[in-house]
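Beneath this line is the structure, given in C-alpha cells, with notes to follow.
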Amino acid sequence: MPDPKIFCVDRRYQNYSSPISIIKKGEPGIHLSGFELAIASKLHCSSWVLCIQSSSFPLLSHDSVKVRKHATPAGTDALTPIRDSSQESYHSASIYVFNDPHARSLEFMEDGGSGLRAPRYPAEDTSPTTDRELRGFFCYGLAAEVFAVCAVGSFLPVTLEQLAREQGVLFVDKVTPCTAKNATAIANATVNALMSRATGSDTHQCIINVFGTELTTASFAMYTFSASVFMQAVALVSVSSVADHGTWRKKLLAGFGFTGSVSAMLFLLVVPQFFVVGSLLTVICVVCLGCSFVILNSYLPLLVLNHPIVHSDEDRSNGSSSIPLQPIPPGIRNGESGDKPRKEIRQQIAIGSKADSSDLQLSTKISSKGVGIGYMAAVSVQVVCIFILYVMNKAGVSSTLPLRTVLFFVGSWWLTFTIPSVMWLRDRPGPPLPTALYEGRALIHTCMSYTIFAWKSLWKTVKVAVKLRQVLVFLIAWFLLSDAVATISATAILFARTELQMGTVAVAVLSIVATSSGIIGATVWPIISKRFTLKTHHIIVCCLLLLELVPLYGLLGFLPFVQAWGVGGLQKWYEIYPLGIIHGMVMGGLSSYCRSFYGRLIPPGNEAAFYALFAITDKGSSAVGPAIVGKIVDATGQIRPAFGFLAVLIALPIPLIWMLDVEKGQEDAIRMAGLMKATDDGHEDFGSYEGSSDGHEAQGLMRDHD
C-alpha cells in the first residue's frame, strides 16, 4: 500500500479567524483553531483510523476517531468531518493515520515542523509543548521558589530559634530565662550580661533541653536543617524512579506541593511550649520542597524535547519531520564493538551534540525564565512579609506569632499557585519499570520495588561516574562547595539574629538584599565572562574567592585591635548588609555556572541519571556543614568560631575546580557514552557493562590523560 498523501483541505468546514496555511516544505502543516476539519485523500484501503492529537484534545490515551471514506459529488474520496467544539487555538496538532500493520503519522504544525516525534517507549506522551503547559511549569516555580527564599532562606531559621529561645535559659548561668518576663528576671539578665561582657564571653546565647540533651537555640536550628537536608537526600533517591517511570510524575508533584505547603501553614498553631513540633514541620517542609523541585526539573527536558521550536530546527537540519531513532548496528549490539564502530559512535554523538544547540538554548531560556520569575516573586513576597511583621510588632503581638503568621502566608502562597500548576501540567509519563518489579504485587511491595530500583540505579550511576576523572573531581568539589553555600546562609542569619541582635524585620531586609543581588549577579557574571574571556570554571573560582571574604571578615572580630575599634569584623549590625550583597552576587553565578559546567562533562544521553547524582550530592553534603556548625556553637557558646570552619570549607574546592580540564572531560564522556550505548543496546541500565570488553576499556578512561 502506498503511503497516504494529503492533497486537499476542504475550506468549507473552517470556522476560525486566520486562514489555513498549507506548508509545502516537509510534511504539510495547518494551524488548528476550533473548526470542522475535512481532509480528502486518495487512500487505497477500505477503512482506517484517524486521530487528531493536540494539547486540548482528549484523544491522548490511545483513543481514536474511526471514520470511513465516502464518495463526494466530485467523485473524490473524502473523510467524514471531525468537529472541534472547544474553539481553542492550538499551537500544533498531529493527525495519525493507521492501517495495521503499517502506520504512518501525518504531522501538522503552523511553522512546518513536526507536531509529534516518534515515541521512545510505550505510552510516551509526545504531544507538543504548549504555552499552557509552560505556564504550569513557571507557576510551580513561582509557588515553591517563594517558600525556598522567604521561608527556608530567611524566616524558618529565625522562627525555630525564637520558639526555642522562649523556652530556654541564658548560656552564661543556665538559670535566667532568655526572654525576661518580670523585673527580677530583667535585673538578673542585666547583671549577667555585664559580667559576661567583662570576661569577653557571649551574652545572648540561650540553651534548651531537648530529650535530655542541652543545646543552644542556634544549634537547635542548625541540627534541624541538617536533619531536614539528610532526610531530603534520602527521599530524593527513593522517589526518583517513581517520578521517572510510570504515570506518577504529576501526582507526586501535587502530593509534595500540597503536603509541604500545608505543613508550612500549620506553623501558625505551633507555640513555644511545643517548639519540637516546629522542628518536625520544618523537616516535612524541606523534604517536600526538595522532592517537588526535583520532579519539576524532570519536566524540563520533556518540555524541551517536545517543544515545536526544537522540532522545527530538527526539520531544517535533518530534512525530516520526525526524530529518527537510530538503531544500534547488530555487530555492536552483539558485543562486537571494534575500534571502527566505536569511532562511528563517537562521531554520531559529536554530531548529535552540535545538533543539540537549539535544545540547550531553549532549556536555558525556560530555566532562566522560571528562576527569574521565582526570584522576583520572592522579593515581592518578602516585602509583604516585612509589612506583616512591622504591623504586628507595632501592635505589640508576641514575638513568635508574627513569624508564624508570615510562614502561614508563605505556605498559603505555595498552596495557591500549586493548584494551577497541577491543572496545567500534563502527566508526561515515563518509561515503565520492568514488569517483574510490580506485576501481581501488593502496593507495599510495589513501593519497595520502586525504591530498591532507585537505589540500584543510583549505584550504577556512581560506578560510571568514578570512571570519569573530570566528573569525579567535579563532584568532590561540588560536595564541598554546595555544603559551604548552604551552611554559610543559615549561619549568617542565625549570627545576625543571636549575636548582632537584629530583629525579624532587619533579617527579612537582609534576605531581600541577598536575593536582589542574586538576580543582578545572574546578569552580571555572563557580562564579566565575555568581557574578560573567562572560562566557566574560572567564573566559578572567582565566585568562591569572593565568597571567601564573608567568613574571613567575620574572623576579623577575633583580632584585639579590631575589637578595640568597636566596628569591623561583624561587630555592628549594619556590617552584614554588604556581605549579603556579596553572597547574593556569588549565588547568582554559582547556581547557573556549576550546573552548565557539569553538563559538559557527563556522557551524552545520560543527563537524567547524572543530574540526579548532581542533586543528591548537593543535598547530601548540605547536611554535614550545619551539623558541624551546631557542634561548634554548642562547644563554644558562640557562632563566630564557625567562620573558621566555613573559611576552610570554601577554600577546599577552589584548587579542584581550577584543575578541571573540560576538553578531556568531554572526550571521556563521549567515549563512555559510546561504550554504554554499544554494550547496553541503548538501555538506561548502563551499569552492567563492567564485565564486557568495553567495560575493561572503560577502566582505563581515567588513565588516558596521565
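Glycine too: its Cβ is placed from the backbone N, Cα and C atoms.
Residues or ranges marked as compositional bias 'Basic and acidic residues' by TrEMBL: 693-706.
Feature annotation from TrEMBL assigns region 'Disordered' to 316-340 (among others).
The annotation region 'Disordered' is assigned in TrEMBL to 686-706 (among others).
Within the chain carrying the transmembrane segment (220-243), a Cβ under 8 angstroms from the stretch's Cβ atoms is held by residues 157, 160-161, 164, 208, 210, 249, 252, 279, 282-283, 285-287, 289-291, 294-295, 298, 430, 433, 450-451, 453-455, 457-458, 486, 490-491, 494, 612, 615-616, 619-620, 622-627, 629-630, 633, all 6 or more beyond its ends. Feature annotation from TrEMBL assigns transmembrane segment to 220-243 (among others).
Long-range contacts of the transmembrane segment (264-296) within the same chain: residues 137, 140-141, 144, 147-148, 151-152, 156, 159-160, 163-164, 166-167, 208, 210, 220, 224-225, 227-229, 231-232, 235-236, 239-240, 243, 249, 252-253, 256-257, 400, 404-405, 407-408, 410-412, 414-415, 612, 615, 619, each at least 6 residues beyond the stretch ends and with a Cβ under 8 Å from a Cβ of the stretch. Among the features that TrEMBL reports, transmembrane segment is placed at 264-296 (among others).
The transmembrane segment annotation in TrEMBL covers 372-391 (among others). Counting residues 6+ beyond its ends, the transmembrane segment (372-391) has Cβ neighbours under 8 Å at 138, 141-142, 144-146, 148-150, 154-155, 402-403, 405-406, 409-410, 413, 504-505, 508-509, 511-512, 515-516, 518-519, 522 in the same chain.
Proximity of distant same-chain residues to the transmembrane segment (403-422), defined by a Cβ-Cβ separation under 8 Å and at least 6 residues beyond the stretch ends, is recorded for 135-137, 139-140, 142-144, 146-147, 150-151, 155-156, 158-159, 162, 250, 253-254, 257-258, 260-268, 270, 285, 381, 384-385, 388-389, 392, 504. Under the heading transmembrane segment, TrEMBL lists 403-422 (among others).
Look at TrEMBL and you will find 442-459 (among others) tagged as transmembrane segment.
Per TrEMBL, transmembrane segment is recorded for 471-496 (among others). Same-chain residues lying 6+ beyond the ends of the transmembrane segment (471-496) with a Cβ under 8 Å from its Cβ atoms: 153-154, 157-158, 161, 218, 221-222, 225, 229, 465, 502, 506-507, 510-511, 544, 547, 550-551, 554, 570, 573, 576, 579-580, 583, 587, 590, 594, 597-598, 601-602, 610, 613-614, 617-618, 620-622, 624-626, 628-629, 639-640, 642-643, 646, 649-650, 652-653, 656-657, 659-660, 665, 668-669, 702.
Under the heading transmembrane segment, TrEMBL lists 502-527 (among others).
The annotation transmembrane segment is assigned in TrEMBL to 539-564 (among others).
The annotation transmembrane segment is assigned in TrEMBL to 576-598 (among others).
Among residues of the same chain six or more beyond the transmembrane segment (642-662), those with a C-beta under 8 A of the stretch's C-beta atoms are 470, 473-474, 476-478, 480-481, 483-484, 487-488, 491, 535-537, 540-541, 544-545, 547-548, 550-552, 554-555, 597, 600-601, 625, 628-629, 632-633, 705. As annotated by TrEMBL, transmembrane segment applies to 642-662 (among others).
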